[in-house]
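Below: one structure in structure tokens.
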């Protein structure tokens, strides 16, 4: 089952989520929106197993990265009709 990985613009570019992911789903890409000049990206979401280690590793109080498991994806992201 595929899971959606959403990275919010509150990301501080710390790389904690990238290092926590056991399947290398995430990577850092250039971004001018924070001091670190980088943001997490999820180019390989098809490999995500939904362990949410990236969420646990995120040091921001508002979880800059979220994993939405299967059916909760559209509902949680506000895409359901």
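Cβ coordinates are placed from backbone N, Cα and C, and glycine is handled just like the others.
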Out of 21, 34, which one does Swiss-Prot list together with 48, 51, 54 for [4Fe-4S] cluster 2?
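Among 21, 34, only 21 appears alongside 48, 51, 54 as [4Fe-4S] cluster 2-binding in Swiss-Prot.
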Under a criterion of Cβ-Cβ distance under 8 Å and sequence separation of at least 6, what residues of the same chain contact residue 58 ([4Fe-4S] cluster 1 binding site)?
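Same-chain residues close to residue 58 ([4Fe-4S] cluster 1 binding site) (Cβ under 8 Å, separated by 6 or more) are 16, 17, 64, 65.
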From the Cα of residue 11 ([4Fe-4S] cluster 1 binding site) across to the Cα of residue 51 ([4Fe-4S] cluster 2 binding site), what is the distance in angstrom?
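Here the two Cα atoms lie 19 Å apart.
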To what whole number does the mean pLDDT across the domain '4Fe-4S ferredoxin-type 2' (39-68) round?
92
